[in-house]
Amino acid sequence: MPEQSNDYRVVVFGAGGVGKSSLVLRFVKGTFRDTYIPTIEDTYRQVISCDKSVCTLQITDTTGSHQFPAMQRLSISKGHAFILVFSVTSKQSLDELSPIYKLIVQIKGSVEDIPIMLVGNKCDETQREVHTREAQAVAQEWKCAFMETSAKMNYNVKELFQELLTLETRRSVSLSVDGKRSSKQKRADRIKGKCALM
């Protein structure tokens, strides 16, 4: 199938086992699996509103290993927005995002207009190695947004993708294609002037 030029491409990066696939599957299909199945690369699609017409939100769930640097570079070069996922139970998983962030900057040049979300997943777990303040400091250093999520508990999953689209300033994108929005979403839409989520 030829790639559509009006696809809005979101790329999800992070170490193996941090819950990248779980976040994507929870968002796209509303499901959660307890077993860990390593991903090489999967792509999921969902219809969204983009510049007042219908287009496809294409979410690329990347491998957690560093065995495929060419695939990483290709995903970054084609990506419009990025989700950098770590597990709050693993400081190493946060540290492993630094070279990926630097690669995004290297390939994209300025990331000033590129939506990037730093995501602390598994916030339902009690054995934390990364505290909220520490992750917020990294996000501030990288000049990106930060959010904690739990794919297992379905906490902040929809909000993560809404916020990512809200950060988009180059064009108007929305997960809503039928025009129905809550009053809270309408207010946020007026404030940002860009996105709303259904």
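Residue positions begin at 1 at the first shown residue.
Each Cβ is built from the backbone N, Cα and C atoms, and glycine gets one as well.
Motif 'Effector region' is the annotation Swiss-Prot gives to one range among 27-35, 36-44, 54-62, 162-170, and that range is 36-44. The most densely surrounded of the binding-site residues S21, T35 is S21 (count of other Cβ atoms within 10 A of its Cβ). Taking the Cβ of K152 (GTP binding site) as centre and 10 Å as the limit, one finds 18 other Cβ atoms among all the protein chains shown. When Cβ atoms from all protein chains are considered, those within 10 Å of C123 (GTP binding site) total 21, not counting its own. Confidence for the motif 'Effector region' (36-44), expressed as mean pLDDT, is 68.
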